[in-house]
Amino acid sequence: MSTVDTTSGKRSALAPFAKPLAAVGGVLAIVAALLPWVTFTLNDGNWPDKSTLQFFDAPFAVTGFRWHLLLLGVLILVAAFAPIPSRGRVVRALGWGVAVVSFINGAYITAKGGGLGAITALDGATAFGSVAGLVAGVLTILAGYGYGITPVGEWKFKPPTPVAYLVLLVSFAGVLLAVAAMLTTGGVGTSNPYAGAIFLSFLGFAGGVLGALSGVGFIRWLSVLSEEHRVFSVIVLAACALLLPFTDAGNEYWMTVAANIGIYAATAIGLNIVVGLAGLLDLGYVAFMGIGALVAANFSGAAAANFGIELPFPVAAVIAAVVAGIFGAIVGSPTLRVRGDYLAIVTLAFGEIFTRSAQNDIGGMTNGSNAIPGIPALSLFGKEFNRELSIGAVKLPAGVLYYILIVLLVAATMAVFANLKFSRIGRAWIAIREDEDAARAMGIRTGQAKILAFLIGATLAGLAGAVFAHKNATVSYESFKFLESITLLAAVILGGMGSIPGAVLGASLLFVLPEKLRDFEEFRLMIFGLALILIMRFRPQGLIPDRHRRAELADEDVGGAPVDEVHAASKEAKA
Amino acid sequence: MTALLEVRNLSVAYGAIEAVRDISFTVEAGQIVSLIGANGAGKTTTLRTISGLLRPASGEILFQGKPIHNDPAHAILGEGIAHCPEGRRLFPRMTVEENLQLGAYVRKDDGVQADMERVYELFPVLGERRHNKAGLFSGGEQQMLAIGRAMMSKPRLLMLDEPSMGLSPIMTQKIFDTIKELQSLGTTILLVEQNALAALALSDHGYVIDLGRTTLDGPGHQLLADQRVRDAYLGEAH
Amino acid sequence: MSVLLQQLVNGIVQGSLIALIALGYTMVYGIIQLINFAHGEVFMVASYGGLATFTLLPDDLKKSPAVALPLMFVGGIVVAVVVAVIMERFAYRPLRNAPRLAPLITALGVSVFLQEAVRVWYPNATSNLPYPKVFPEGNLSLGTISVPWTGVLLVVLSVGLSILLQTYINRSRMGRAMRATAQDPDTAKLMGVNPDRVIVLTFVFGAVLAGVAGVMFGGYLSNINIDMGFQNGIFAFTAAVLGGVGSIRGAVIGAFIIGLIKTLAGQYMPGGTQYDYVWIFIVLILVLVFRPQGLFGEPERVRA
């Protein structure tokens, strides 16, 4: 907004101090990394990563969060003195990284160790690491505002194809390592009492670095690059995903988690077609996944199945997808007359009708609250998908075949999404999302296009549901209730509406977090609810915004807070 | 002596589009001042900014020497500025009486009933149909009600946006007569009109706004005689 | 015949409960065009607020219904109002000019958050909690049909409060300001109406009614659980839409229709009470598709 700029006052006040603030912040972050963090051994054992090190005792022994802080500190110093575009954004993102890492560790030590004594001074031992880190973070964030939040840097540089391939290869390999690290960092919440803290701290670090990369323009450049070499990117990305079993994450537990994430990611991408591309809020979406799962379960030959027939999985999966798609078209048909929030309520009503009917074992298809258990695992050439796999000398963990199947499923949904997005119908959806009346006036058959969005989204969900049924061996209506729809919606919104990497990231975060934060399992849904509120308030475009959508949602990126009246007026002016 | 209303170097933008660029004008107490200009010149935007519905990108608005451009819209009426908006904007599902009562919403004194009777005297047609819904009235009657509603707050300054829009010539004449009468009763008036001829004939001072800037100003009769104004706004072919 | 009569009466009692909640939906939608999805949870939270108030009372007061019951109403209402005001101020107000779906998604978030907050933090909230027996006991018998006195109280409160609300909105200065803001928010500002104050007041009124409903729900059904908000919220929303969103009278009549559908469908439709919700959802869909302006709404209202 060029009209009112509330940050300009702060900016001018801080501008002269930007460089010294960043320098102090960077140095302080490094110092914080080397300071002791806790004065005594906590109830659940030592705070990880040698955090009781004395000042400069063993500067080369820093690992874990202290290593992250050290890195962030160095990056801040580099950003402060090297000539880089959009310095303010970069420094601000790094500052947030430092602040979050320090806050998470400090807060956990305080909470788990009983009081502020743990992070300050006790019995002669001092441990101001978290305090120093927090101060460093705040100073650096202020420095970022001091530099000024200018638009994201744009890189005109266009590398020749081989170089581009190399860049993409390295970047995606980096993504693979980051994903593996994200899964394994801190281990499992049930076995490591500090898993949650370690994981959140890692997220803070990763978020800071990603924010900096995005601020400097690298991410945008990379996404342009990958769009130019789309086929190559998809292949490399799929290859990277298939390599995950060979990393640290290659054990049964993480394969299972990754497979579950994949199922929900595929479903979330389907939902993203409806919500993100066509702008139709679907609050009963998980019902289609349920329909797919129930159809597949009934054709699976499980003892509780309704039909005596057992179909091979591919056939059953296609039937599941088709049936879900038909229901999708039915649920979508009111879009011919209903719009916006009322349409959302219609979809919610359909979702509830599904839940109620399934709960009451409608037509004997769902087995009600007894669920349909004992769905056989998939098998290929006599090899069951839930067993271990060894190819020659390489032993792969159990569940790896499901993982691979689901990676292919996600890749397929992504391909469908990407192709639709850039197709004629995709442009029609976007036009409808922006202004339905104008789209209609331009000759777009809006009714048809909207029903098609529902149909395609539901088909993908039905397919994912069929895999879900076999993967989990049990199908119960409980897995497809309203709150699951909300969770999927949260994944889409958190990641960024209309954005593919966003949907995958959103699904990953929402389904990895509960694995990591076992103490928070209880609070899972509450946090999702809060997340929806906070995202809508502070970052409605999501973590990885769709590039097209970014323009319309991200007022803040231009700088300055909008005054609501001006905002309203600009809408009026457009009308 | 300070002017009743002073607008200094006002700019207003809708998003990236500047609708008003650097407009300045003053309204002295007791005057009728008109802003004239073509469609989209920024006249309505200026009035909406004065009444706080929009925020200026830069510049100041002083009322009785006091800056008001940061006040919220609902506080502006309390300062003594009433705004009779473009298109009248009555509350269509409320009666005449309720519309007038809303006009007096900020008043706490006992004179509301008497002032309402005065509006009915000024516009007898409103008095006869005081319990009818405003949405059922003709354009001219709605304009009377809109002016009456704005008068109910007893403003020092009354801003009228296109009061003649969509009215028959006879009705337009009646509205302009009313404006003159309101002035004689002591109300200062800021008038925005596309009907430049009628507006300038009535005005003590006029400003010509073009593409978001004040391009000309002077006493109403002088502007009326100005060839540039006649060329641009009074539809006289060469 | 007596079964039918009995179900009609039950339907009216349930309709009264739904009406109290539906008024909150309809008023908020009328003013800011927001489906305040979390309103059902405000009702739920109020019910727990009333229960908590009773739990906190000293033992001798617990035994005296004449003191305990009014205090529970006060407690439930206060909790509902506080929740509603916080929600308006921090969740909805910042989004007032955001795209339409943003506040709806926020409302979903608030709804999930409130429900989970009660589940996690209210002692034993994961199971049904018994409501204290401070309500008038026994039944009013009319021939073959009988209504619990709590049901009678519910009908009286519901009808009485709706009439009071309708009168306030039609007659008072603030009520006029509310209607003005609903019809044309910008022009209402030009009249000196502070929209924030009007909107908060709307939420407060809705919360007061939801508070009464929450406590009465406990009295009428003698158990409460955390799902009550979502279910009854949907019923109430359906009632508000059926009556025409924005219309007080419509919401009340819509609520009675929904109450009747629920009891009659449970009695006479295939599937019985297990499917009574499904019929209501079907009605909701049909109304939204074929008569979105409801029975009493303004047909010209355009919805983006």
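Each Cβ is built from the backbone N, Cα and C atoms, and glycine gets one as well.
The transmembrane segment annotation in TrEMBL covers A:21-40 (among others).
Counting residues 6+ beyond its ends, the transmembrane segment (A:60-81) has Cβ neighbours under 8 Å at 19, 22-23, 25-30, 32-34, 37, 48-51, 53, 87, 90-91, 94-95, 97-98, 101-102, 105, 129, 133, 136, 140, 143, 198, 201-202, 204-205, 208-209, 212 in the same chain. Marked as transmembrane segment by TrEMBL: A:60-81 (among others).
The transmembrane segment annotation in TrEMBL covers A:93-111 (among others).
As annotated by TrEMBL, transmembrane segment applies to A:131-150 (among others).
As annotated by TrEMBL, transmembrane segment applies to A:162-183 (among others).
Under the heading transmembrane segment, TrEMBL lists A:195-219 (among others). Away from its own ends, the transmembrane segment (A:195-219) comes close to residues 48, 64-65, 68, 71-72, 75, 79, 84-86, 88-90, 92-101, 103-105, 108, 152-155, 178, 181-182, 185-189, 513, 516-520 of its chain (Cβ-Cβ under 8 Å, at least six residues beyond either end).
Look at TrEMBL and you will find A:253-278 (among others) tagged as transmembrane segment. Tertiary proximity for the transmembrane segment (A:253-278) is limited to same-chain residues at least six positions away from its ends with a CB under 8 Å from its CB atoms, namely 183-184, 188, 244-245, 285-286, 288-289, 397-400, 402-403, 406-407, 409-410, 413-414, 417, 420-421, 426, 429-430, 432-433, 449-450, 453-454, 456-461, 463-465, 467-468, 471, 488-489, 491-493, 495-500, 502-504, 506-508, 510-512, 515, 546, 549.
Non-local neighbours of the transmembrane segment (A:311-330) in the same chain are 287-289, 291-293, 295-296, 299-300, 378, 451, 454-463, 465-467, 470; each lies 6+ residues outside the stretch with a CB under 8 Å from one of its CB atoms. The transmembrane segment annotation in TrEMBL covers A:311-330 (among others).
Annotation source TrEMBL lists transmembrane segment at A:400-420 (among others).
Among the features that TrEMBL reports, transmembrane segment is placed at A:451-469 (among others).
Annotation source TrEMBL lists transmembrane segment at A:489-511 (among others).
Marked as transmembrane segment by TrEMBL: A:523-540 (among others). Beyond its flanks by at least six residues, the transmembrane segment (A:523-540) meets 483, 486-487, 489-490, 493-494, 510, 513-514, 517, 553 of its own chain at Cβ-Cβ distances under 8 Å.
Beyond the transmembrane segment (A:131-150), the same-chain residues lying 6 or more positions past its ends with a Cβ under 8 Å from any Cβ of the stretch are 7, 10-11, 14-19, 21-22, 24-26, 28-29, 31-33, 35, 69, 73, 76, 80, 86-103, 105-106, 119-120, 559. Residues 199, 202-203, 206, 222, 225-226, 228-229, 232-233, 236-237, 240-241, 243-244, 247-249, 254, 257-258, 508, 512 of the same chain, all 6+ positions outside the transmembrane segment (A:162-183), place their C-beta atoms under 8 angstroms from a C-beta of that stretch.
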